[in-house]
Structures are given as C-alpha cells and as structure tokens.
Amino acid sequence: MAQIKLHDQRKPLELWKLIGRCTVSCISVLFSQLALSLVPRFFSASPLFIQLILSALVLLVVVGLGRCSKRLLGVSGSASAFVFFSILFLWAVYLAVLRPAVSCLMDIAFNGAITMLIIGLCSIMSSNPGLVTYGSSDELVESSVAEVEAHNRILEPSASVLCHECPTEGSVLGRRVRYCRICKGYIKGFDHHCPAFGNCIGQNNHVLFMVLLVGFLSTEASYVVCSSQFAAKSQIVDRTRLETSLSGNLAISTMLFSIFQLLWQAVFMTWHIYCICFNIRTDEWINWEKYPEFQDVVHSQQGWRE
C-alpha cells in the first residue's frame, strides 16, 4: 500500500474579488427583497398560503434573472455573503419598521437571537472543519493511489476487517477523510460543503453547524412572531397602511420570506438529525457506492445475518 501526503490546496480569495462578490451579493439581496415586497403590494387580499406560493415563484424568477445577469456581466456573487446580507436586511427592517409594535419580551428575544446568529455565522465561516495538513497526527493516511486518482475527491482507506458496531477513531469509518473539490482539501469527518457558510462541514465544526441551524430556526420563528404583531397592530390603527406603504409591504414580504426559510430549514434540520442518529454523513449517503468501506459493511452484515 502506498502513502499519500495531504496538502492544503485552498487559496484565499483576493481582496478585490472578495469585495466585488460581496457587492454583487448585497445588490442581489436588495433586488430580491424589493421584488418580494410586490407580492403583498398587489395580492394583499389573498390568503397567506397563496402569498407564500407567489413569494416562492418570485424568488425562483429573481434567482434565474440574477444568474443570467451575472453571466452577461461576467461577475459572480457569494452565497455566504448573500446569507449574511439577508440577515442584516431582516434586522434593518425589524429596527426601522417592526420594533415599535413589538412587545419588550419579543424585542429582547429577537435581538439576542440574531446577534448570536451573526456571531455563529462569522465563526463557522472562519472555522477549520477538520483539514488534514502537514504537522498533524493525521498527516498520512493509508490509501490506494489508483483509487484516489480515479475518484479525485475521496480517500478510501483500506482494511481487511470492519466492525459491525460503532466505528472507533482508528477504524475505516472512524477516519472518514474525504476530498472537497471546492475547498481543494482533505477534510476529516467530511459531511458536505456548505455554500451558505462558505466552508466545509466536517468533524471540527459539525456541532457548530447544528447549533447554527437551530439559531436560524429560532431567529426566523421570532421574526415571524414580531411581524405578526406589527401586522395586527397596524391593521387596528390603520387598515389601509399595509396595502399602501412600502414599510408595511416589507414587513409582510420579509415575514413570508422567513416562513419559507423556516419550512425548508426544518426539513434540512430533520435530515441532519437522522444522519446523526444513524452515524452517516451527507456525502456518504449520496455517494455511498463510491466508498468501498460501506459496501463491505453491507456485505459483511448480510453474511453475518446468514
């Protein structure tokens, strides 16, 4: 068996390119949120469920137009910057529009949740997911050179015996060193590359990733409650305000945006809880046929049952 040294091939983005991508992402956030505000503007009499569906369609159209525009202009954005500016936009709408109508308890809850969310987001963007480089105890991992060259994205350690129970640190399943094409590095405990966080999710930051998912859900849920309080109070004071003012339209459109985020993130959270319970990573679930150790486990378990 040969031994392969693992290099850190990741290259930091140049400052001017980073600023350019952040600027493009900021403009994309403003454009998408203003487009969403058209839904309550022209469909204020429609039920919330209909407005939610229309908001999803508007987002799809905006994303499609955004991609075409970026290709024509030769520019690119950043998914992580888009997420960051979206959070800031919600916070700005809350402070400028919703806060006067929100109870003191919800004001404390939302501001605390979004502050911790931004801190966690910055932490996971700069965190080390479990990069295997020179100088670490995992610097060398036994692997087949032919396998690595064939797949160009994974390390497949070999072993003659696999344990049917929980894998240990030294076992094949316990190592789980995989190659990320986007980061161009080998990550221990690799789950997936998260464009929203601009980083891989691996052994070192998986807990932080799960905490952030909870943070997103709690922040968006509290925002929905705050915007609901604003809508109820505004309709009592002036029934036509929500239909005519930009601030009212933004309050409803950002609430719809938060509900939409809550729905898919709840499913996403459930999926990752499932993976944790069954000790499997997202990448392993999707590409299990490329990992001989999982095929060996299945075959060994079938033979053991017989």
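The backbone N, Cα and C atoms fix where each Cβ goes, glycine too.
Features as listed in TrEMBL:
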DOMAIN    166-288  domain 'Palmitoyltransferase DHHC'
TRANSMEM  48-65  transmembrane segment
TRANSMEM  72-96  transmembrane segment
TRANSMEM  108-126  transmembrane segment
TRANSMEM  207-230  transmembrane segment
TRANSMEM  250-271  transmembrane segment
Same-chain residues near the transmembrane segment (108-126), Cβ under 8 Å, at least 6 residues beyond its ends: 80, 83-84, 87, 90-91, 94, 102, 197-199, 205, 208-209, 211-212, 215-216, 218-219, 222-223, 226
Residue counts (helix, strand, coil, in that order) that DSSP gives for the domain 'Palmitoyltransferase DHHC' (166-288): 78 helix, 14 strand, 31 coil
PLDDT averaged over the residues of the domain 'Palmitoyltransferase DHHC' (166-288): 82
